[in-house]
């Protein structure tokens, strides 16, 4: 039953859509992957919008959560009960983030299966009218090359055999990490603008209370972890990309670009403000660097 649903409801339609786009884009599978990556990301807009609205509500709850922390700091059980009551008021679901994560994993697995089978000349499931439209009923030979690379190959596979030909795959893997890093930085600032956290942060700086020694240490540890994560995740992605087929790298890069586009569509004014803040922060850091 599940096999039939997977094949007929999910796999076959995506296979045929991929082949239609392949033909429309001049037999270029790389552009098909980019278009589908952006399309699927934008398809999740309603879920992301709902998630952002919840983030705004949670940001608005912060003063009340801080008050509860102050009041019940020594009674963890009572604190948890009161926090749950607040969360229920706004309809907060701790598993809400999975509403966007699970579909993304499903789409990635689905598209990977489609591209891998196309690369292996396995077009089982292609509709007859699509087959006839593309090749007039003849055998379809799919071009797996994109910007000089075979989309089914990977850096770790190419390098031992072809030497210098692996450089393009290495550059592609590095671009995956850089695009993820840039997208996460930009969208983080965008999200802060959209939820009002940036304004709140400025207000907190103005009326900042003197922290205790333990609070200062905790704050520094949290800031350090945040900075480390921002660099570690893209670095890990580069390592994964080196050992994954090039089509996955293309997909990840397109997903990073689509993520920024997604936030811009959700709230153009706030997103624009967030991007401006991002580049302002970069400029400030550059100005603070001592001249050699």
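The backbone N, Cα and C atoms fix where each Cβ goes, and this holds for glycine too.
These numbers come from a predicted model, not from an experiment.
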**Study point:** Range annotated as transmembrane segment - as stated in TrEMBL, picked from 9-28, 29-48
**Key:** 29-48
Point to revise | TrEMBL annotation of transmembrane segment - which of the ranges 71-89, 128-146, 147-165, 166-184 it falls on | key: 166-184
Review point. Which of these ranges is annotated transmembrane segment in TrEMBL: 248-266, 267-285?
Key: 248-266
Review point. Hey, which of 29-48, 95-115, 248-266 has the most Cβ-Cβ pairs under 8 Å against the transmembrane segment (166-184)?
Key: 248-266
